[in-house]
Amino acid sequence: MQKVAVLGAGSWGTALSIVLADNGHDVRLWTHRKQQADEINTTNTNKRYLQVNLPQQIQAYDDLEKAIDDVSAIVIVVPTKAIREVCSELNEKLRHQPTLIHATKGIEPESLKRVSQLISEEMSTYNYEDIVVLSGPSHAEEVGKRLPTTVTVSSVNEQNATFTQDLFINESFRVYTSTDMVGIELGGALKNIIALGAGISDGLGYGDNAKAALITRGLAEITRLGVSLGASPLTFLGLPGVGDLIVTCTSSHSRNWRAGNLLGKGHKLDDVLEQMGMAVEGVRTTKAANQFAREQQIEMPITNGLHQVLFNDKKPRDVVDQLMNRSKREEMDDLAAFIRTDFRD
Ligand SMILES: NC(=O)c1ccc[n+]([C@@H]2O[C@H](COP(=O)([O-])OP(=O)(O)OC[C@H]3O[C@@H](n4cnc5c(N)ncnc54)[C@H](O)[C@@H]3O)[C@@H](O)[C@H]2O)c1
Ligand SMILES: O=P(O)(O)OC[C@H](O)CO
């Protein structure tokens, strides 16, 4: 049994707390809202975020210092835009060296940094190599009901990855390890761009053919960008790559798909984000990936099209026309070139 603090009591932090509690761990779920902590502790529910009863071993805290006292692991699950703020507070209050795990899927637009890089920059006693990421096809709504789910954990420090695998694995939550930290984080972040696109496609009334094309050509874009940043192309064929793309692009559980669906139906971005009331990571990640692709001359036509819809007020239908009428080409041409470069190195 371990003492584990989970920072972020949204849908994913709550679902991961259930997995940890089912495994017999003492779980401290931290929220910055006192009212939410009171709800969890008095009724064993967190109704705004997850429609399930919570195990009693989950104790909620609104005091960060108390939540992290004497824990052997801290799981960070706030949205990317809150990572620096939460980690800077954590850095001030942490007096020992528990394993740091994150399950956040995003990239910081201004710096184009991955979440593990942001965490290590804010945490003075941790190196980037120590941080662990947990990612893969995993909707909180299904994990909360103990439906079969598989994820991957990765860290440059392989002992930390194995410790995290042991912490979470159980009969309904299967955990693999991987040594490709960069690929695992990028796969989880970049799939949200394509999921927004899949939602838009469904919102426009396009069919399964269009969605299959988005998923497959989206995977090509993700792989190009990922490999250029040092990821293994094989990672994108695994759970944090194509696995997460499928689950996010095809499910109405997905916040990114749902936001895209509303955009496809003609709603404005600001209204959509207000209506969602939860993290829609793909919006900021589109900005980051589009900027990086432009700077590095990486071809990402779907990401670029989505960027035009989100930030330049372009009509989704016009972007689809633009994508369908690009110049003729061979399907695997540029992707093969990227992958060969990786193997030659
Ligand atoms: N929901 C899922 O099924 C799921 C699955 C896998 C990964 N993720 C990833 O997990 C991360 C969190 O997503 P979520 O779905 O739980 O989001 P959410 O919107 O459900 O919850 C986010 C939580 O973070 C808290 N928060 C926001 N800013 C904060 C701050 N500055 N300080 C403290 N707390 C703050 C909010 O109060 C809320 O409780 C995202 O990166 C998402 O991509 C989500
Ligand atoms: O609800 P979304 O779109 O943030 O996606 C949730 C998970 O990342 C799916 O694996």
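Including glycine, each Cβ sits where the backbone N, Cα and C put it.
Of the residues proposed, Asp130, Asp244, the one TrEMBL records at the same sn-glycerol 3-phosphate site as Lys105, Gly136, Ser138, Lys191, Ser254, Arg255, Asn256 is Asp244. Per TrEMBL, NADPH is bound by Ser11, Trp12, His32, Arg33, Tyr49, Lys105, Ala140, Arg255; the candidate from Glu85, Glu171, Glu274, Glu281 named for the same site is Glu281.
Distance from the CA of Trp12 (NAD(+) binding site) to the CA of Gly136 (sn-glycerol 3-phosphate binding site) is 12 Å.
Over all protein chains present, the Cβ of Ser11 (NAD(+) binding site) has 23 other Cβ atoms lying within 10 Å.
Checking the binding-site residues Ser11, Tyr49, Ser254 against ligand 2, the ones whose Cβ sits under 6 Å from it are Ser254. Per the record's binding annotation for substrate, residues Lys105, Arg255, Asn256 show a top Cα-Cα distance of 12 Å.
Taking the binding-site residues Ala9, Ala140 in turn, the residue surrounded by the fewest other Cβ atoms inside 10 Å of its Cβ turns out to be Ala140. In the vicinity of ligand 1, defined as a Cβ distance under 6 Å, the following of the binding-site residues Ser138, Lys191, Ser254 are placed: Ser138.
Long-range Cβ proximity for Gly10 (NAD(+) binding site), meaning a same-chain Cβ under 8 A and a gap of 6 or more residues, is found for Tyr49, Val77, Val78, Pro79, Met278, Ala279.
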